Every structure is written in structure tokens, then in C-alpha cells.
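Enquirer: Annotation comment: TrEMBL describes A:91-105 as compositional bias 'Acidic residues'. For A:2-77, the entry in TrEMBL reads domain 'Lipoyl-binding'. Here TrEMBL flags A:132-169, A:172-209 as domain 'Peripheral subunit-binding (PSBD)'. The region 'Disordered' feature in TrEMBL is assigned to A:78-146.
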Amino acid sequence: MAKEIFMPKLSSTMTEGTLLEWFKEEGEEVETGDPVFEIMTDKINIEVEAYEDGILLKKYYKSDDIIPVNQVVGYIGETGEKVPDTPPLIDDSEGEAAGEAEESDETPRTSASEESGEKEELETSGSPDKVRATPAARAAAREKEIDITTIKGSGPKGRIHAADVTAVPQTAATPLAKRIADDHDVNLQEVKGSGVHQKINKQDVLNVVSSSTEEAQTTEKLKGVRKITAERMSESASAIPHVTMNFSVNMTKIADMKKTLGPTIEEKTGRRLSFNDLFIFITAKALKRHPELNVTFDGETITYHEAVHMGTAVAIDEKLFVPVLPNAEASSLTEVKNNSATLIEKSRSQSLAVEEMQGGTFTISNLGMYAIDSFNPIINQPQGAILGISAIEDKPVVVNGEITVQPVTTCSLSFDHRIINGAPAAAFCTTLKQLIEEPYELFV
Amino acid sequence: MREITFVEAVREALSQEMRQNEDVFMLGEDIGVYGGAFGVSRGMIEEFGKERIRNTPISEAAISGAAVGAALTGMRPIVELQFSDFITIAMDNLVNQAAKIRYMYGGKGSVPMVLRTPAGSGTGAAAQHSQSLEAWVAHVPGLKVVQPSTASDAKGLLKAAIDDNNPVIFYEHKLLYKTSEHVPEEQYSIPLGQADVKRSGKDVSIIATGIMVHRALEAAEELEKEGVEVEVVDPRTLVPLDTETIINSVKKTGRVIIAHEAVKRGGFGGEIASTIVESEAFDFLDAPIKRFGAASVPIPYNPTLEKATVPSADDLSAAAREVVSYAKQEV
């Protein structure tokens, strides 16, 4: 017997989920554990796996459909098994209903005919793609090459009459113009004709084609990670009074250190040491010295964290992920390198587990590879602060009264002024600057 | 210009033909001195004698059988049935003999007879004397069916019916007998299978037969005041049917009302409607076809009920108003 696939209820507050994508087609074989479709809740995206082996018999919904929890989304069973044409309604007393259905073989004829009557009603009401139009209207639409589904009918029940078609502005066009319009998917209704009686000629269509190429644009409905990012960004930006402090950091010594430590780290991890790893390492140490920056805030209560769980913003195509490197303050540089590399790879393959994106206490957003002088990062709620890092550039630096050229970057700390004041934030910035400029202090 | 009644026009057609064709004779109940139930043959026995205006016993089976036999010998008999309702008794002779003989004998014999008979309601003659059963005979291959709506049509169509070598059922509506109009004096023939556009219009076609032609014309008059141009098409003969004229009218107007006095259920209107939708006129239809016929009841004796049973001019104008109201074309 075919088994239902349900929209799962993933949390106590979840009432509905959005179907993002089917991974299987109807008729395709499914094994237990295979991801069948992906859904998005108000919190996360998750792949729903099959609990049965069999054939995916039915898909009732398509991408972007919003489906209540526990609704039947499809069926898995054996080839040829019958499943309902429409998804069964959610029924709490499902067991009982099934029992009744089995008995119905013996039920009197009346109930059977009632059932078929209901079905008929559904079928007649379920043909929204049929157009109610008179033959004359259809003939007129054919002749004028108007898509009849675009016409509004003035007759009873919206029936389209010939006059409704005639009322659509005339779109006479030369055969060549029509062909060009066809090739470029141009709707002749939207082309203004310059010929006699507004007849559309080749040039009219070409004008539209060229103008539409200039203005070419695509649209995309926000969903998944992007939708969540958008919501959280606007929430953070509007709810938190951000203050951003910019400070420049001389990178000379840390660059030396990177050069010195690089081969050792590469030998131990098989990976190249990056400035990002050093920033994570040093920032975690700095936070350890300024616990008032390593906080989360739920709107009422400030939580001070003993450990530094360091979030790192990772951009994959248009998506933004912030995997969390746990206990960064206690990690060696090798551990930082290994862990962050793993997290970045997982971000790339979009296989991060939910828990790998949770529990961060501070975030670093590094745009060092771009030509950025400074920027105001938006705080990753519920964290209290975020550090932005811009590009390293050779700049004139005064050393002992002499102008020298040295590598310099700008760090930008955004903090939540509801819970962190300017002085401690500035003190943290100063510590961080010192630790980067004089990394030997790390051993103090 | 001379105006004569429908009765006079039928009598004139009969007399003119009998004067010049010795083979033509009439047979029926009380058609002699009495002049027939509706006075059609009044005075004819005096002119043509009782050999050619033959009074018969009260047996439609005998009359029709005698006519089929006479026709087979080369005569051109004209039967008068007092009321078309009694065609039921003549049915075997008409359906199994008259309609089939020419076909079954490979054309070696033919049945050139005409059966004239008054039909329709409106005279208080009740259920057995008021029916319109033309669809029965129209269904039988081998019979031609004529339903004139005016005196001049009746004269010309009757001439054509007599000239035809096949059995022809010729319906005369009782209420039309007293209507009069200009009818040419000389003999003339209107070919069977030629519809007549009784009134030209561009907004809606009313295809009407017999008495309904007049109700349609009344409705057209009424609607003209409202700026609606009704076209009235009278097929005049159901078999053969002039589909071309009907289709052309529908192609012009895109809206169709069909009206006959016979009961709507199983009536000839269904045949006309199907003919239209099966034809190229389909693509010109811009409203559902409306069909009018009598209610599915025996014609009541009570005059008020009798009138209410069959379609009226008001019914037709209301229907015409409705179909043109859908997206009326601005001119």
C-alpha cells in the first residue's frame, strides 16, 4: 500500500513550510534515506528524506507552494498503485477514516453515488485553464493572433464574446514583423505600429527588441538562505543601534609572522595559512581580554560567554553563510586553520549542518581580498559585535619622524550600543590593534 | 394589387393545377359539397365534379392507401386530412409504402402524391386536434415536408409539391388560413428546399417555421424600436432543408433563436441547431443558440393554457434581447 509523505513539523511553532525543490520525479525510484524534497521553514532549509523504499507515485505540490504541516505532499509506493488525484485533507481522525473507507465495499449504493457526485463537482470546478468563450470570440482571437486567455469576457460568468476580442487594440503586422516578433518573443500587442493604420513593420519590432535588450533584467524570488539573510539583515539593521569604529592596523609584523609560520602550518595541515586564520586567532584572544564584547543579547538579557565561538561570513555565489568555529579562544592556529577550512568547504558544498551555523558569540567579516577601505558591518543577531576587515594596502606611515611605506589595513568594529558602550569597545579595538601590530604580546 | 387569404391561395393552386392536369384529383373527408373542414375545397366539386373531388369514408388509412395506389398507377392524388393529428392512422401507408416504394423498386415506380393537412393549436380544438407532428414525417427518408407560412408561399409551394414525383406532406396552419396578402394570379412554383429571408437584419437570426414566422416578425418589429435588427428566416420546407440560407444568416448575425410550435423536445429545432453548429457557421456563433417550442404537454383545451403552451412573440423578443445584450457590438 502506498505511503504518504508529509510536510514535517520541525518545531513546536512551525505551522507551514515552503516547498523549495523536488529531488525526485514522479515514477522515480526512492530509497529510504534519499532526500525527496527540500523545504524552508521560518528558521531553516531542510531536506526531507524518504522513510520508505519504493516509487515516488505522486507529487501534489510544486516549488514555492506553502503547505501546512502534516499535509500529505506525495505518495511512495509500488508502480501502478492508485493514489488520490488531490491531496487528502488533513484529518486528525485519520485512522477512523481509513477504517470506514475499507468497509465501504459493502456500503449501500447511495453513498457510492454521493461520492462520485462529489468527485464530479471537483472535476468541473477544477479546470481553471479552460476559457469560457463563444466560438465567434475564439475565431476572432485566432484571426487576430490574440491569446484568448488574456482577454476579459463581458458575458455571463465572464464569457468572452466576439466584441471583447474586437475591443483589444488591433495589432496588424507585416509577415516579416510577425516572424521577428516570434523569434524574439515580442508580444505584438505591446508594439506600436508606425505603418498605415498603425500596422507594425519590421523596424517597429526591432526597436522593441533592441530597447528590451538594453533594459534586460531578470527577477528572482527570494527564498531559502537568501530570504532568511534578507529578513535577519533588515531586522538587525532596524532593531540595533549600530556604532562602527574604524581603526587602521599596521600589518608589517603580522605579515612577517605569516611568512615565518606559513610553512610550518602548511606542513601540519596541508593548507596555506591565511590572514583570515590569523585574524580569527588574534581576535579570539582579544575577546578573551575584553569579555564585555563577547556577548549575546536577546532584547532583555545580556549573556557573557566564557568561550569565543567565532562566526565567519562566507559568501557563496549570492548566498551568505556564517559558519561558527567553536572555542576559537582555546584553539591553536593549526586547529583554527583546520576547522575554518572545513567549515568553508562545507559552506561551498552547502552541506553545513544547522548546528554548525548556531551558537556564535562574535563574527568576523573579511573583505580583505577586495578593494575596500572600510565598511560598516551589520551585527549578526543576537551577537553584540562584528568585526569587518578591509584590504591591506601599502601606505605612508610615520616611523620615528620618517615617512615609511608599510602594509596597513582598516578594521571596523560594529557594536550594539544598547549593551556595549563606546569606551570598552574602543579599548577592545586598541587591544586588537596592538595584538596584530605586536603579535609577540600574544605570549604575554 | 389583389390580396387573397391563405385558404383562397391554396384553393387557387389546386384549381389552377386541376384545370390543366387531368391526372390531379383530390380525396378526403367531406371535401365535396361541404368544402372540407376549413373550406379549402369549397366550390371545387361544382367545377371539377365528384370524380375528381372525391368524398371518402372516415378512414385515414383507407384514404392514404388509396392515394398511394392511385399514385403508383400514374395519377397525382392530393389527400386532405381533416386534422394533421390523424396522420397517425395514415402512418403505415406513408412511412412504409409511400416513402419506400420508389427506392425499393429501383425507380420503376413512384408515388407522386401530396398529403395536405391543417396543423397547429390556437382554435380551441384540444389535444387531439391541435398538434404539430411535422418532426415525425421529417424523420422518414423518402418523404418531403412543407410548412408554408404565407398565402403566396403556400400557392407556389403547393404547385411544386404536386409537380414533385415523391410523396410530399404539406402542412397548413389553421390560424394562417384567414391571413391574407398579395398573391400573384398566375400559376407559379416555389422550389422545395429554398428558404426565404422574411426580414433582413444584422443582430440576431430567428429561424422560424409556420405560425412562428409571424411571431418572429412581430418580435422583430418590437426590437426595431430598440435598435436591434432581427433577421427572420423561414425554411419553408423542412425536407429538403435549405441549410445554406440558414448558415449564411448565422454567419452574418452570430446569434440564433429557433422557433417552432411543435413540442420542443425532439422537435425539428434541434435538427436546425445541430446543422448550424456542425457547419462553418460555428465559428461565427457569439451566443448560445436559443430554441423555442411548445411545452411538453398535450395542447390544453382551456384557451389561456393553450396560448401559454406555445411560444409567443414576447418570448422571442425577450430571447433576442438577451442574446444581443452580451457584448453588443458598437457600430
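Glycine is treated like the rest: Cβ placed from N, Cα and C.
Where the annotation comes from TrEMBL, it is an automatic prediction and has not been curated.
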Enquirer: Over the span of the domain 'Peripheral subunit-binding (PSBD)' (A:132-169), how high is the average pLDDT in this prediction?
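Expert: Averaging the confidence scores along the domain 'Peripheral subunit-binding (PSBD)' (A:132-169) gives 86.
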Enquirer: Do any residues of this chain, six or more beyond the ends of the domain 'Peripheral subunit-binding (PSBD)' (A:132-169), have a C-beta under 8 angstroms from a C-beta of it, and if so which?
Expert: 178, 188-189
Enquirer: What parts of the chain pack near the domain 'Peripheral subunit-binding (PSBD)' (A:172-209), using Cβ distances under 8 Å and only residues at least 6 beyond its ends?
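Expert: Same-chain contacts beyond the ends: 145-146, 150.
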Enquirer: What are the DSSP helix, strand and coil residue counts for the domain 'Peripheral subunit-binding (PSBD)' (A:172-209)?
Expert: 23 helix, 2 strand, 13 coil
Enquirer: Take the domain 'Peripheral subunit-binding (PSBD)' (A:132-169) and count its residues per DSSP category (helix H/G/I, strand E/B, coil), listing them in that order.
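Expert: Once the DSSP states are binned, the domain 'Peripheral subunit-binding (PSBD)' (A:132-169) shows 21 helix, 2 strand, 15 coil.
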Enquirer: Reported in the order helix, strand, coil, what are the DSSP residue counts of the domain 'Lipoyl-binding' (A:2-77)?
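Expert: Within the domain 'Lipoyl-binding' (A:2-77) the tally stands at 0 helix, 39 strand, 37 coil.
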